[in-house]
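One structure is given here, and the rest of the page talks about it.
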Amino acid sequence: MNDFLVFSDEVAQAKSEQRPIVALESTIISHGMPYPENVQTAKDVERIIRGRGAVPATIAILNGKIKIGLTEAELEQLGTSRDVEKVSRRDLPYVVAMKKHGATTVAGTMICAEMAGIRVFATGGIGGVHRGAEQTMDISADLQELACTNVAVVCAGAKSILDLGLTLEYLETHGVPVIGYQTDVLPAFYSRTSPFRVDYRLDSVEEIARFIETKWALGLQGGIVVANPVPKEDELEESYITAIIEQALKEAEQQHITGKAVTPFLLDRVKTLTGGKSLQANIALVKNNAALAADLARELS
Ligand code: PSU
Ligand code: MN
């Protein structure tokens, strides 16, 4: 396993001292946000995690090596190069074997984090069951990864570009608990609420840590979704964002966007149609999730 992994000095040292570590994905940098906000946010998120007494480990593949922890130059490279594949479970052997560059999705990051012995991961939103999946069968590999890989994922729920109800059904079937941090309802990424309830509301980091430890102590394989609503002051009004998402979905259909291009296409269109407001909310919620994940990693260590 270690032939494939390369730890940064900071993460290697944190591991040897058994300090709390938070994994971070890189598709959000390469395919989720435009430059320069992507690189700036990646750096800010790392700083927030350090400021709360944990160590950030941004994960990506460079020249076929799975990097656990990146330098600022490597973050910059991911944020500016066009030569970076979006890497989910399916794509990992290709990018490693062909010595390419890859940015890991939630699924890809969970796999690499588990290999590296990291149990807590912060991101923006997870992938899920797409609207119309009964026709397209477009279901993110993130959900299947949550079913089998032992990593807790702190996110702001899932975007309503997805079918949130079907996403919850899929997670239930696969035994993935969705915990609401100080909320009864599933947050919908840009907004703090959705019409759906979370499985369990927990109000303290200590309780969430106890839940996670108990799941794994019971020998139950798989991840946990910790849903953390976007801060109130950064929230976008639900009816406003819903109309824009409808528009973006219509364009995706008209332009026959399929496969792994769907999510990046929708993110980019929503950003443009909101005049950048969605990007500001996205940045704020990622930072908010990083802070909670750092606290959780500290509690778990
Ligand atoms: N949702 C976001 N921002 C993102 C993604 C999802 O709000 O950047 C990325 C994540 O990396 C997630 C991936 O794992 O998109 C899901 O892609 P797909 O639906 O193709 O599995
Ligand atoms: Mn898909």
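Note: Cβ is positioned from N, Cα and C throughout, glycine not excepted.
Residues annotated as active site, proton donor in TrEMBL: GLU25. For LYS159, the entry in TrEMBL reads active site, nucleophile. The substrate binding site annotation in TrEMBL covers LYS86, VAL106, SER140, ALA141, ASP142. Taken from TrEMBL, the feature Mn(2+) binding site covers ASP138.
Features recorded in TrEMBL, as mapped to the structure shown.
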residue: GLU25; record: active site, proton donor; Cβ within 10 Å: 29
residue: LYS86; record: substrate binding site; Cβ within 10 Å: 20
residue: VAL106; record: substrate binding site; Cβ within 10 Å: 27
residue: ASP138; record: Mn(2+) binding site; Cβ within 10 Å: 19
residue: SER140; record: substrate binding site; Cβ within 10 Å: 25
residue: ALA141; record: substrate binding site; Cβ within 10 Å: 19
residue: ASP142; record: substrate binding site; Cβ within 10 Å: 28
residue: LYS159; record: active site, nucleophile; Cβ within 10 Å: 24
Among the recorded positions GLU25, LYS86, VAL106, name every one whose Cβ is found under 6 angstroms from ligand 2, counting any of its atoms.
none
Would you kindly give the Cα-Cα distance separating GLU25 (active site, proton donor) and ALA141 (substrate binding site), rounded to the nearest Å?
15
Please list, in sequence order, every residue of the chain apart from LYS86, VAL106, SER140, ALA141, ASP142 whose Cβ lies within 8 Å of the Cβ centroid of the substrate site.
THR27, SER88, THR105, ALA107, GLY108, ILE126, GLY127, GLU145, THR263
Compare the Cα of VAL106 (substrate binding site) against each of the recorded positions GLU25, ASP138, LYS159 and report the nearest.
GLU25
Nearest by CA distance to LYS86 (substrate binding site): which of the recorded positions is it, out of GLU25, ASP138, LYS159?
GLU25
Reduced to three states, what secondary structure does DSSP give VAL106 (substrate binding site)?
helix
Distance from GLU25 (active site, proton donor) back to the residue listed as 'active site, nucleophile', taken between C-alpha atoms, in Å:
17
Of the binding-site residues ASP138, SER140, ASP142, which sits closest to GLU25 (active site, proton donor) by Cα distance?
ASP142
Substrate site residues LYS86, VAL106, SER140, ALA141, ASP142: biggest Cα-Cα distance, Å?
13
Taking DSSP as the reference, which of helix, strand or coil describes LYS86 (substrate binding site)?
strand
In three-state DSSP terms, the structure that ASP142 (substrate binding site) belongs to:
helix
